[in-house]
Ligand code: ATP
């Protein structure tokens, strides 16, 4: 039993030296022998299952019904074509779905949790799947435990084990505990950490004793793929629309059959008509096309460093009108450098390059020593690990010839109270010459609150109000210059004390000011966001003045009045805060729970809010925000798990790019859908008018199916990957409630569709008229009908193909966008015409689809008709107001 053995025994058993960890070669060998550290998920659906899943669809039922009817009336060829279409549709569906799934899987891979392990003597971050038994794993707050561990070191480590035990309160862990009782329940094994649980506080180190299915969670194997609802609201609405159209189609079929019976019309013909109408009403290719466009879109977004974790986010992105962003690392470079420090009465400037220098007095030495001992970061041979704020402190010490490694060796750490963003403090207890010393660093205001004395010229003196003011004044001045200020304090004790007792009665030593330059590209992105009707807002744990100074530099805020601190928020009543929130652009000194309050207040006014976060406590805010954005580099596993999108470069600019991309993807889906629906409308109009006026049927069901599934699909996909509109970021965000058919899109579909339908009938009429028949003639010979139907068939396909160009923008002329700026569409339209030509000239196809080749004159005529809807649509755009364009 691992939990009843001493750490020495375990280390021996697993042949690893905790100081250096495994060697790369050994880890590799173990990985090959025992396999990856992965839990087996639900078995994947087989291709056959996927195929049958495709058939469970309202639209397919209608088609299968049609096939049965055609068989019943003896139209074998039609039945075969319909069945082939069903088969083809399901096959395409399977291909699209697995393609989309692969794209999503690839994205998931990019966000698989990573673990800190010690290998070859250094700490490395590796994919959790590559962790092997014997690895030394380092845990810190916010990280998932990658495998089952026997802890060998712990500092206030708390782990939330609800995945395993159902208990949501974190349990305290202690590496030194031993449990003799072999029946110790999992929840009480305080010297162990289990796979898939979450470190919420403190630090620890453990040796991996089991991986993958050997772990406790693997044994009970209850986790498994959460079935996240990955349909976007739009897809859901489209599914509803599809269903409704399916029901309408069935209803129409029934009604028409009843009419046929009542009026005593030929039943067979009515069957055919009913099926044609049903087929015409249903956009068969739509769900697959939307899925693939979304998948292509998210893949494209991953290339610009935005990984979409939840598909609905793509749609919501387009509506975001407030971006709440952390400051450090997202708006700034997170490359901290100490440029000034202050001890009682002495302000020192630090040269940014090279070593320093000035002989230090005791206070300065003490200041640097406290900062270094109270830091976990390392900096060796120009390479650093850990929090950039702490790296800056360690680098400062190097400059003053105070080596971190040496200091830590001489003053071994025996206790600590880790940093958290609520207290904004961190403390450690280190051995000292005459006992122990607490070193505390953090926000200066908080340091002053817990200090009663100060260090002045090496002596500890009472901390007077004047001295406090003096420190604050210096800090304020630094903050105004956009410096991040950090204070340090200490206290001596005779014995080891608990973390709870550390942060009281301290002696202030002084403070440092560090620069963290804004990211260069962010200023432009902020201007771009503002131009797109989006308000950028800064939310930071940092000091108000520092935050405002940077916000001003970046163009987020223009004055101090636009800022508020966390404690000022607490003083306001809920209503007041709701009322005033619109005035603020900078929220400083906030803790994670303020973030929730801020998001809710903005949402109260109907805003769509995106919020960034990286810490353990940020998860609630990320979940509540419309778009929760986690940081890929500095973010904890928890924040990533709670987010909708992850920025792989932690950069604000990426959020703005993602919004732009989100707007484009939505617009493109809209173009595809409106295009497909206007085509369907055209078909319905043609058939419906024919039924209404008792004309011969201008199109057969199989012909309509061919167009819906073959000729139309290519332009629809090409529209889905249309290059983004250059002006997409000069428009206001889309209102989430806006219907798909808003802003003239519905009208365009109706006008376009009706025109296509009428022109199809006109072509049909011309086809009949060439042989001296009219729409009302009786007993028209078969070859005349076939000729007329072929003309209608080609016009229907051709008009839709040409019309697709016009769908690239609802308002702008396609000539303005550039006829050839989407070569996929050009290719798709050419392909569509080739296929159309093929089907009427290749005899086998022509027979099956009951069409025939056309004369040159007829070709000219159908081409002329085909281009009309495109021209009408383009001309109507000329009459649009400039403001609408
Ligand atoms: P943002 O929320 O924009 O990322 P931030 O990084 O300043 O801003 P926090 O990390 O919550 O936010 O830090 C808040 C404050 O806590 C800082 O202004 C600083 O005073 C203090 N602080 C930050 N890091 C440490 C640390 N490692 N040890 C002690 N105090 C720290």
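The chain as shown is numbered from 1 upward.
Even glycines carry a Cβ here, placed using N, Cα and C.
Note that TrEMBL annotation is computational and uncurated.
These come from TrEMBL:
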- 1-75: domain 'Cation-transporting P-type ATPase N-terminal' (DOMAIN)
- 50-73: transmembrane segment (TRANSMEM)
- 79-95: transmembrane segment (TRANSMEM)
- 166-188: region 'Disordered' (REGION)
- 173-183: compositional bias 'Basic and acidic residues' (COMPBIAS)
- 244-262: transmembrane segment (TRANSMEM)
- 274-299: transmembrane segment (TRANSMEM)
- 673-693: transmembrane segment (TRANSMEM)
- 699-721: transmembrane segment (TRANSMEM)
- 749-768: transmembrane segment (TRANSMEM)
- 788-807: transmembrane segment (TRANSMEM)
- 819-842: transmembrane segment (TRANSMEM)
- 854-872: transmembrane segment (TRANSMEM)
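Taking residue pairs at least 6 apart in sequence, the transmembrane segment (50-73) and the transmembrane segment (788-807) share fewer than three C-beta contacts under 8 angstroms. Touching of the transmembrane segment (749-768) and the transmembrane segment (79-95) is ruled out by the presence of fewer than three CB pairs under 8 A, sequence neighbours closer than 6 excluded. Confidence in the domain 'Cation-transporting P-type ATPase N-terminal' (1-75), given as mean pLDDT, stands at 83.
Between the transmembrane segment (274-299) and the transmembrane segment (819-842), fewer than three CB pairs separated by 6 or more residues in sequence fall under 8 Å, so the two stretches do not touch. Contact between the transmembrane segment (79-95) and the transmembrane segment (244-262) is not supported, since fewer than 3 Cβ pairs fall under 8 Å when only residues 6 or more apart in sequence are counted. Taking H, G and I as helix, E and B as strand and the rest as coil, DSSP gives the region 'Disordered' (166-188) the counts 3 helix, 2 strand, 18 coil. Long-range contacts of the compositional bias 'Basic and acidic residues' (173-183) within the same chain: residues 1, 3-7, 151-154, 157-159, 189-193, 202, 204-206, each at least 6 residues beyond the stretch ends and with a Cβ under 8 Å from a Cβ of the stretch. Against the transmembrane segment (673-693), stretch 699-721 has more CB pairs under 8 A than any other of 244-262, 699-721, 819-842.
Sequence-remote contacts of a segment are chain residues at least 6 beyond its ends whose Cβ falls under 8 Å from one of its Cβ atoms, and for the transmembrane segment (244-262) they are 58-59, 61-62, 65, 270-271, 273-275, 277-279, 281-283, 680, 691.
Beyond the ends of the transmembrane segment (819-842), by six or more residues, the same chain brings 706, 710-712, 714-715, 717-719, 721-723, 790, 793-794, 797-798, 801-802, 804-805, 808, 849, 851-854 to within a C-beta distance below 8 angstroms of the stretch.
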